[in-house]
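Feature annotation from TrEMBL assigns transmembrane segment to A:6-29, A:61-83, A:95-113, A:119-137, A:149-172, A:192-216, A:247-271, A:283-305, A:317-336.
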Amino acid sequence: MTLEIAAILGIDGVANGAIYILVAIGLVLIFTVTRVIFVPFGDIAAFTALTLAALENRQVPGTISLVIALAVIAALIEVVSLVRRGDLHAVPRALLFYLGLPLLVVALVRFGIGFELPMAARIALAILLVLPIAPLLDRIIFRPIADASVLLLLIVSVSLHFALSGLGLLFFGPEGVRTQPLTEAAFDVAGILISGQTILIVVTSVIFSIGLYLFFDYTLTGKALHATAVNRTGARLMGIRPARSGAIAYILGSLMAGTSGVLIAPVNTIFYDSGFLLGLKAFVGAIIGGLVGYPSTALGALFVGLLESFASFQSSALKEVIVFSLLIPILIWRSLASTHSEEDIEE
Amino acid sequence: MSLLSVENVSVSYGKVEAVRGVSLSVEAGRVATVIGPNGAGKTTLLTAVMGLLPYKGRILYDGMDLSKLDVEARVERGLCLVPEKRELFSEMSVSDNLILGAYSRRDRNNVARDLDAVYDRFPRLRERRSQLAGTLSGGERQMLALGRALMTKPRLLMLDEPSLGLAPLIVREIFHVIGSLRDLGVSLLLVEQNARAALETADFGYVLETGELASAGPSKDLIHDPRLIATYLGEH
Amino acid sequence: MSPNHIRAAGVAAALLLLAAPYALNSFSITLMNYIGVYALVAIGLALLTGVSGIVSFGQAAFVGIAAYATAWATAVNDYSPWIGLLLAIALTCSIAAFLGLVTLKLQGHFLSLSTLAWGLAIAFLFGNIDGLGHFNGIANIPPIAIGPFELLSGTQIYYLIWVIVIAALVLAYNLLDSRVGRAMRTLRGGNLLVESLGVDAFRIKLAVFVIAALLAAISGWLYAHLGRFVSPTPFEAKMGIEYLMMAMIGGSGSPIGAVVGAALITLLKDYVQDILPLIAGGASGQLEIVAFSFLFILFLQNARNGIVPYVTRFLPKSAEAPPAPATPLPRRQQPAPGTPLLEVQDAEKRFQGLIAVNKVNFEIRAGEIVGLIGPNGAGKSTMFNLITGALRATSGQIRFAGLDVTRSAQREASRAGIARTFQHVKLRPRMSVLDNVALGAYQRTGASFLSSALRLDRAEEASARYEAWQQLERVGLADKAFEQAGNLALGQQRVLEIARALASDPVLLVLDEPAAGLRRQEKIALAELLRSLRAQHLTILLVEHDMELVMNLVDRIVVMDFGTKICEGLPADVRNDPRVQEAYLGGVS
């Protein structure tokens, strides 16, 4: 391997890693706040890419039916539970959040399809349309079992991924898509060509990481989210609702997953089920970071990106095997490093 | 009118009934205490009043049935619990912990002033305000827990074993603060194993044994009750 | 249901299975064959996930390794399928043993995530290794032959499959009803109790993991020779979660439930395949997984315990008889009363700079009851954990019966004869009271997985159960022996812990606040019990808050405050010691 190839692989790896950073940070955010290891997270990214592709072709994206269906089910569940509790005052508000807002987004997208929109508007619409999916799934799937063990939530989460990828095929079809390039620019740095796309990916990832840091440090909502992650009971005793924190985490996370979907769609062909591997690799990165801290998660994700890039040079067929096998030594190292408390795992 | 009245409340873990048919009340502006041995159900009782455990019976707060309110709604209405484990946000700074205490308050304008007041009350916390809560000593943690609770602007503050594991000097300080809270118009429900200190601070006392009320009365009477002296207070 | 009813039901089920090929068409027989093949994996998962609490998403990969191994041996290299079976089992079990060795120390969801990871990695390998046909798979796998007789048709292999399933069921139930079975069931819910009983949790986990892989391997072998073709698809992650569905829907921890679950999922899948095209047209293949996943999620949300436990609730309960008298388990030689038993010298324990126990010295002599008292947070519990091996001392020495146990793990302390109870009662609420107590006898018995599965452990098992029964009689809980431990009142649960400790034939009994939460009458009974134990030369150390109980019961008292021992002596002297008054009784005043 020459230095030049190493440099190209390195740049490629950093670009991959930057994508994984976006997804991994979203995963960690959701996990720490809700204790759900949200395996379908990659699907959200893939759905964004597919939605964007549909918008480019001025087709109705399958996401619309998905969002409508989820919104109706979630609203129904919420209203029924409110009525059962005798809390009728909260019904209009619940309808607004679970039905009104998602349908508003759907209407906006439906309306937008009628026009020749600029790229920025299409991207905004695509991301806007996937934002409600994860919070609605949270309400339908995870909220009823919010007290269950992390393990049970994980089983549910894995099942949910398979359900979503099936739905993905139903709503988007089996064809892969590639969206229009975000930028045609390219730069020659010391004889190595770096595409504007790569730079865009890295810059976006950095901006999001910094933004998230500021959010946690300087806003009350960010602090409340952090507090929920650190100590749920403590948070509740201060009047912070874990369910609300969870919804915010899901929306924020979806924003990052959606953005990553938009960023990879011009360079990789995205299929309805491409999200699984994206999510799992980001996840490997998150675990390397210990599923807790954001800087360590970013480093872990970057490492996975680089590893994948170099592994695919060695053997493109086995790169997935290499990435996933890596998880085992890392988990062992993690488990040796972490101290767990006995009470956590009581029945 | 009682600020809090617990009427015939039972709490179970699975099939084990930890609290059986307990009734008690806290008058507005007063301090009530529940004393009793380890495992008597004191913590369980507070946990249920706070809404963290389901219960049978009725709990009225300010004339309002609490059964339909979740924990967070109770906090919004001025009910606050400092649990035995403190439940601080250990990976966050002291000042963030305190700021989060005011999370559910609507009078945002007064928060800065109240934060100052808490720092005045516990100067140690001001010194350590940018330190992570997890690195504080036991006494400081309890001060932070109390300070954070005060930031919620409670009407009824419930303290679970505030002296637990603290050095006598700190215990004295904590009880001094507890005594002074009454002057702020905060009503208190205090659960303590340190029966003598609790009874000396409180207006009214309840004795809980194996989940049931064993006796109740004004603290000044209980403190001279020979049976209690023999069991909990020791010769003095 | 009485054993006779169960036997009758078993015979009836076996007859039905025997007769099935004569009553069913060939398509139904094919379904039955696949049910049997899947059921084997699910039985393994019932033991692994349902009983032992280790959630694996990776069983499909084990099935795949075995299927590919036998395919490679038979279709590529022309060996007999029986060689294929040996290779499949050897390869699968060694890979499982390796994966188990490196991952089973992981906790909870990290362990499950690792199964997802190696499951995926192995599944990717099938399509990418040269010589395994890549994504086209391996075809022309020969049928299994018994002598000259080839199992070509579905009906012929049917009997082989179901004989294996029934054998697996019988062995699994034998295993569950044994010493190791009890230990397996104890794995769910925290290591502290498990290790304090002298159980090597890691070894048990590893054994169960390999057993589950073994069943998966046999299933993979059958799968390859049933369909006569293997390709990567059936061993992907998706199938991993389907196996988990089978095991959990049938009933967590119930082998029979695993078979029911396998049947249900397979039939449902077949049914869904029939009706979905009518609803969805072309995309039905994917809708199938959508429907399944949502059904599974609904199930997890609402009925996690599964079908079999739900059904058994409606069956009449059998009246269980007390275990018959059996050869007693060997007893330990108790040290002569008065000889030094436990010596704590300069014991110190720091937690990140905090000193929890600070240079504590004391001694316990055989046959006495010593009380360890002090205010909350004084370091009593830490001292306790040092003695029982739950924590290691930072410095100092603890000697027990002449042995240095300072660095011993809980398991070793337990084997040396230290038995403990817990301040927050630790038992297995869904196991019977008798089984909970029998756990105590674990380290006095020695039956292995194999001898338990083959029922060679009956004599020893009878002794262990009788021992547990005797201990229950001794503490006065015999009438509750067959209730679920979780249904006992708190006071009775504390007594159960004592019985469990006694079942280990201890030299030293360490009790952590045994009277907390007990009523007055119960406390009197407890004191009575402890006195009778002393009369039988048992040595007891107890941490307790109830002064009345302590003062009237113990021979000597050690008082701790702020991590140090402040006083030691006879109850009457300690009571009048001003330092104790200040630390323990006084508080602020």
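The backbone N, Cα and C atoms fix where each Cβ goes, and this holds for glycine too.
No curator has checked TrEMBL annotations; they are predicted automatically.
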Leading stretch by Cβ pairs under 8 Å, where the reference is the transmembrane segment (A:192-216) and the options are A:119-137, A:247-271, A:317-336:
A:247-271
Are the transmembrane segment (A:247-271) and the transmembrane segment (A:6-29) near each other by the rule of at least 3 C-beta pairs under 8 angstroms (pairs 6 or more apart)?
yes
In the same chain, who gets a Cβ under 8 Å from the transmembrane segment (A:317-336) while lying at least 6 residues past its ends?
277, 280-281, 284, 287-288, 290, 304, 307-308, 311
For the transmembrane segment (A:149-172) and the transmembrane segment (A:283-305), does the number of C-beta pairs under 8 Å, pairs 6 or more apart in sequence, reach 3 or more?
no
Long-range Cβ neighbours of the transmembrane segment (A:283-305) (under 8 Å; 6 or more residues past either end):
13-21, 23-25, 27-28, 31-32, 37, 39, 41, 209, 212-213, 323-324, 326-327, 330-331, 334, 337-338
